[in-house]
Amino acid sequence: MNNSTYINSSSENVIALESPYKTIEVVFIVLVAGSLSLVTIIGNILVMVSIKVNRHLQTVNNYFLFSLACADLIIGIFSMNLYTLYTVIGYWPLGPVVCDLWLALDYVVSNASVMNLLIISFDRYFCVTKPLTYPVKRTTKMAGMMIAAAWVLSFILWAPAILFWQFIVGGRTVPDKDCYIQFFSNPAVTFGTAIAAFYLPVIIMTVLYWQISRASKSRIKKGKKEAAQNQDPVSPSLVQGKIVKPNNNNIPTSSDGLEHNKVQNGKTTGESVMENCVQGEEKDSSNDSTSVSVVPSNTKEDEAAKDASQISASQDHLKVENSKLTCIRIVTKSQKGDCCAPTNTTVEIVGTNGDEKQNSVARKIVKMTKQPAKKKPPPSREKKVTRTILAILLAFIITWTPYNVMVLINSFCASCIPGTVWTIGYWLCYINSTINPACYALCNATFKKTFKHLLMCHYKNIGATR
């Protein structure tokens, strides 16, 4: 952000060491700016504490929001108040060292905010477009590395240039009572940084969200089509059913592993089964759903496998005769926190009364899996995340666009933008940090409820709030 383009355009003039505002105007500006700063600080602290105390908010996407809240908190504490001081008294009273430190902090934090938004957009894009491969790589460690990279890169890009430019060129040209970045005295540099720091990221984020929206709509249509197909009569020997399966478990589940359970006489036993089953047809389903395939296996092979695998501490070899083994492979697209990932479960059914018993058990499973599909599921966590991302992207674009439009105009016409308009435009960039926590609360009921519990000091069971 170019926080002193207007001041830079008039830096050659004599600086009046008195406030350009009347006393009543100064009081009004201080009250409004101070209130915005306070709301920004409280709001972003609430975001950070909510993610810390509520385990349902401890997802990869919310860790990115935590990083964004850190940047917004710094803006609320330092940037807003120092810029208010600079505005109301009409000059910079704290000296060149504090000036450069403030500018470095302001630009590093602002750039980190933009990079966090880019990370969030790319993360959601890969979640939606690569649901089978990306969630495996999407770990807390990876998220931490991406967040660290965003902050380190922002620091490298801005801090050294702001702090040491005067030594590189052989002297400081910024007046003592002014505060702006020295290398922004060149309009071409100002124009280029505006393109790189705002317009290019906005274009990338807009394209990504458009792709996310398209992919989400395509998956919804696919899910509806599969749901309609699952209403057809079902044969117990080949079943493909669908259930709505809300999954709030944030612990990553291996997509390669198979859970083996034995169902004997319609009841599940705790024995480990080592035999191999004939793999049935698998059918991918939409988000938060399960595909079920039931395929009867070879009786002779199954009996041989049973003899080799049934081990019990309390029983000798248990021989099951005149029975057939059916393998049901359930392919579930469960959510790893806020991103879909497929998991497999193999259930083995051993019927003691031949085909009739086996078919009865299979029909029960089919009935169990198809019943929840009749109910309208609540909004999935994926939809909440996508909605939150849309809100913060819109807030970012709306609040940052006016200032960056003025930057482009100022590159060609230094006297075309009034000082008051510059100040308002720059303050809008700061207000984005105030709006972000409200976006989280409005788009995510869990954030909203946790905020409420924290503000009302209701700490009991706050960690399990949904």
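Heads up, the Cβ atoms here are built off N, Cα and C, so glycines get one too.
Given the structure is predicted, the values throughout are model-derived calculations rather than measurements.
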In Swiss-Prot, the member of ASN8, ASN344 to which N-linked glycosylation site is assigned: ASN8
One side of the membrane in Swiss-Prot: ASN54 and CYS416: no
Disulphide bridge to CYS99 as given by Swiss-Prot, partner from CYS179, CYS277, CYS327: CYS179
Distal contacts, the topological domain 'Extracellular' (84-100) - CB-CB under 8 A, six or more residues away: 15-21, 26, 29-30, 33-34, 37, 162-163, 172, 174, 176-179, 423
Beyond the flanks of the topological domain 'Cytoplasmic' (443-466) by at least 6 residues, Cβ under 8 Å: 46-47, 49-50, 53-57, 248, 384, 387-388, 390-391, 437
In the chain carrying THR446 (phosphothreonine), residues 6 or more apart in sequence that have Cβ under 8 angstroms from it: ASN54, HIS56, LEU57, LYS384, THR465, ARG466
Residue counts (helix, strand, coil, in that order) that DSSP gives for the topological domain 'Cytoplasmic' (49-62): 11 helix, 0 strand, 3 coil
Modified residues: THR450, THR465 - member with fewest neighbouring CB atoms within 10 Å: THR465
Averaged pLDDT score, the topological domain 'Extracellular' (1-25): 59
For the topological domain 'Extracellular' (411-418), the number of residues DSSP places in helix, strand and coil: 2 helix, 0 strand, 6 coil
Composition by DSSP (helix, strand, coil) of residues within the topological domain 'Extracellular' (84-100): 12 helix, 0 strand, 5 coil
